[in-house]
Amino acid sequence: MNPFMPLFLLLGGSLASLLVDRFLEKMGAIKWRGYLAAFILAITLFLFSWEAYLGVEIAEFRIIGPESPLTSSLRIDYFVIFFSIMFCGLGLAVCIYSFRYFGSEVGLDRYYLLLLGLIAGMVGVILANDLFTLYVFWELMALSSYSLVAFKKLSWEAVEAGFKYLIISVSGSIAILFGISLLYGLAGVLNFTQLESVIGSTKGGMLLYVALLMLIAGFGVKAAIVPLHTWLPDAYTAAPSPASAIIAGGSTGLGVLVLCKLLFFLFPHLVTVWATFFAVFSVLNMLVGNVAGLLQDDVKRILAYSSIAHVGYIFIGVAAGTRLGLTGVLLHTFNHGILKALAFLCIGAIEYRLNARSLNDIAGIGRRMPIT
């Protein structure tokens, strides 16, 4: 089996959903659009799990060959399999949850397309073995995520949060592109394996530090580094609860994973520089997230600021700059992603039943909804 087949299935399935949706609409079987998305995610999850069961063999797939000045490749290993299973599992849970949450709401064809696009983008970012491929899938994920935030287009809160997220996300993308351009100018390659050896031996001077700063700022937007976190509370609050769950559980943690991949494998010789930065970010995130969370009444905003604080906890491992610290980062990112996604799904169930999110309005909810 081609180990990259699950990614191609996600990409093809998201595009095919547009064509199939028109057919289902004519047949009067609109509800099957969600079942189709769930089926695609279930098959993808099974393929990744089967690959893990058989034993992962490190493999590389070149989209654009080495003879081209711009190479594009994918790489699969245990790290990729682990988090791909996590993302696909969360996506499947959110997809099934959405059946009842949205019902027959208008625009679900776009919703399931964006959900599949978001999962495909996250898996693609993890699989990417060069900065060009990573950036392409990063933009796919970003486009899908802020479109999901503004999915309820008749709600001014959702439109405002989506637009704010768009502006900040695009600013981060520009910083990423600038950093990638500087690295390409210094090293002449974008492949991670080649960059690792070239950057370690090159004397980029100030330009190398600028490239590092741009990459931290760009990917730090998605990771909600303070003070680049301002989009997150509004986005988590305004987005539909299933969308909040997958963004909080998947894409925010993905920003941390990408930063770790770049810092630990491309810039280990600058550990004294970036470790100091992340020690400061860790304190700021924990302080802002916990203090601001205490002042909130909306449960979704409380969870949003909790995510900011947890990113601070994760950054402690990054600031350590050691293999043990990196292990802690990966473990906490996984745990936080699963638990925060489940928390948003629980809040969505309460919101669906009571149409309320305020702590005062849902007081005593344990007696009315004991199972939830």
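In case you wondered, yes, glycine gets a Cβ from its N, Cα and C as well.
Feature annotations, courtesy of TrEMBL:
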{"type": "TRANSMEM", "residues": "6-24", "note": "transmembrane segment"}
{"type": "TRANSMEM", "residues": "36-56", "note": "transmembrane segment"}
{"type": "TRANSMEM", "residues": "76-99", "note": "transmembrane segment"}
{"type": "TRANSMEM", "residues": "111-128", "note": "transmembrane segment"}
{"type": "DOMAIN", "residues": "128-372", "note": "domain 'NADH:quinone oxidoreductase/Mrp antiporter transmembrane'"}
{"type": "TRANSMEM", "residues": "163-187", "note": "transmembrane segment"}
{"type": "TRANSMEM", "residues": "207-232", "note": "transmembrane segment"}
{"type": "TRANSMEM", "residues": "244-267", "note": "transmembrane segment"}
{"type": "TRANSMEM", "residues": "273-295", "note": "transmembrane segment"}
{"type": "TRANSMEM", "residues": "302-322", "note": "transmembrane segment"}
Kindly say whether the transmembrane segment (36-56) and the transmembrane segment (111-128) touch, using the definition of 3 or more Cβ pairs under 8 Å where each pair is 6 or more positions apart.
yes
Please work out which recorded stretch in 76-99, 244-267, 273-295, 302-322 has the most C-beta pairs separated by under 8 angstroms from the transmembrane segment (111-128)?
76-99
Positions on the same chain near the transmembrane segment (76-99), where near means CB under 8 A and six or more residues out:
3-4, 6, 31, 34, 37-38, 41-42, 44-45, 48-49, 51-52, 56, 58-60, 111-112, 115-116, 118-119, 122-123, 126-127, 242-243, 245-246, 249-250, 254, 257, 330, 334, 337-338, 341, 345, 348
